[in-house]
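Colleague: The structure's right below; bear with me while I get my questions together.
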Amino acid sequence: MAGDEPLPGDGQRRRYLIGYALAPKKQQSFIQPSLVSRAAGRGMDLVPVDPSRPLPEQGPFHLLIHKLYGEEWRGQLDAFSAAHPAVPVVDPPHAIDRLHNRISMLQVVSELDVPLHAHHHHTFGIPSQVVVYDAAALSDSGLLAALRFPLIAKPLVADGTAKSHKMSLVYHREGLRKLRPPLVLQEFVNHGGVIFKVYVVGAHVTCVKRRSLPDVSSDVLQDASAEGSLSFSQVSNLPNERTAQEYYDDMRLEDAIMPPTAFINDIAAALRRALGLHLFNFDMIRDARAGDRYLVIDINYFPGYAKMPGYETVLTDFFWEMVHKDDDTPNLNPNPNDEDVK
């Protein structure tokens, strides 16, 4: 097996193997030459994992990162962790599971314990939302009584598939007829067409701003002849290009004020503790009705980090921290002549 061969640099300095198990598309976007080079310069070699082969036949790994799903893969990870308890697996499948359901995903935000007094008048929460399990419930006025149009309809399951990204912006009740449960109906809150994407990598936090769906005017909501709903795939994708372009001609993304850094960091740290995850991002908007209130609208596991500025350095630092997490990290290199130089 691979572990029986000397690792690069044997006899000079210890090298660490970082195994990654990713879908082909994810691997193509995340494992960039710049990341591989940066990690190698720190003594860490990124090695692809073949999920069709038993993990004990591969490696030996000092850290395992992954974004694969299924019972067979989960069984592989459980067996690996039982055999190598000192080797970090980022992240545990049971912790990731919570993000696959859009209700449990945001419920954790409501349960966070963040000392808001330290941030003066800034507050955060989630939009009002309900889960709909069958089509009959869409005509239940009682179920929808707590919500105000417009609404965003999202699939209940958020598993990274194309289907889970298909969403609709619903302007009035007529638009509900096209929806296919199970799904989550979430109030669309005007937010100036700007979304804040907060990337979390261990203790590191980076916040960037992106264009989002344009605000919905009261005229649109009152226009009975207008389309009842519009479909789109991501919050940053525009359902109506002409209207959106007119909207963005009147606003500049660079003028949008970023949330306070300490405020963002505290929310990120609280989410990291509550979720038990190292790699995730969350999307946040500023409520246009109250400029000091922010709403978390989505949380994603192992997002597209290549879009994050300086991601190579951030991820390399994270890998280094994880392989040195325990001072007693075992030397998994079977070569007895290997020197443990850190």
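Just so you know, glycine gets a Cβ as well, placed from its N, Cα and C.
Pulled the feature table from Swiss-Prot, pasting it below:
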BINDING   Lys25, Lys67, His165, Lys197, Asn300  1D-myo-inositol 1,3,4-trisphosphate binding site
BINDING   Arg102, Lys154, 186-197, Ser212  ATP binding site
BINDING   Asp283, Asp298  Mg(2+) 1 binding site
BINDING   Asp298, Asn300  Mg(2+) 2 binding site
Colleague: Over the residue list Lys25, Lys67, His165, Lys197, Asn300, recorded for 1D-myo-inositol 1,3,4-trisphosphate, what is the maximum interresidue Cα distance in Å?
Modeller: 21
Colleague: Asn300 (1D-myo-inositol 1,3,4-trisphosphate binding site): which of the binding-site residues Gly192, Val194, Phe196, Asp283 is the nearest Cα neighbour?
Modeller: Asp283
Colleague: What is the total of other Cβ atoms whose distance to the Cβ of Asn190 (ATP binding site) is within 10 Å?
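Modeller: So the number of other Cβ atoms within 10 Å of Asn190 (ATP binding site) is 16.
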Colleague: Here's one to test understanding: among the binding-site residues Lys25, His165, Asp298, whose C-alpha is closest in space to the C-alpha of Gln186 (ATP binding site)?
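Modeller: Closest by Cα: Asp298.
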Colleague: Among the binding-site residues Lys67, His165, Lys197, whose Cβ has the fewest other Cβ atoms within 10 Å?
Modeller: His165
Colleague: If you measure Lys25 (1D-myo-inositol 1,3,4-trisphosphate binding site) to Phe188 (ATP binding site) at Cα, how many Å is it?
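Modeller: Their Cα atoms are separated by 31 Å.
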Colleague: As a test of the contact definition, list every same-chain residue at least 6 positions from Val194 (ATP binding site) whose Cβ is closer than 8 Å to its Cβ.
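Modeller: Long-range Cβ contacts: Lys209, Arg210, Arg211, Ser212, Leu253, Ala256, Ile285, Arg286.
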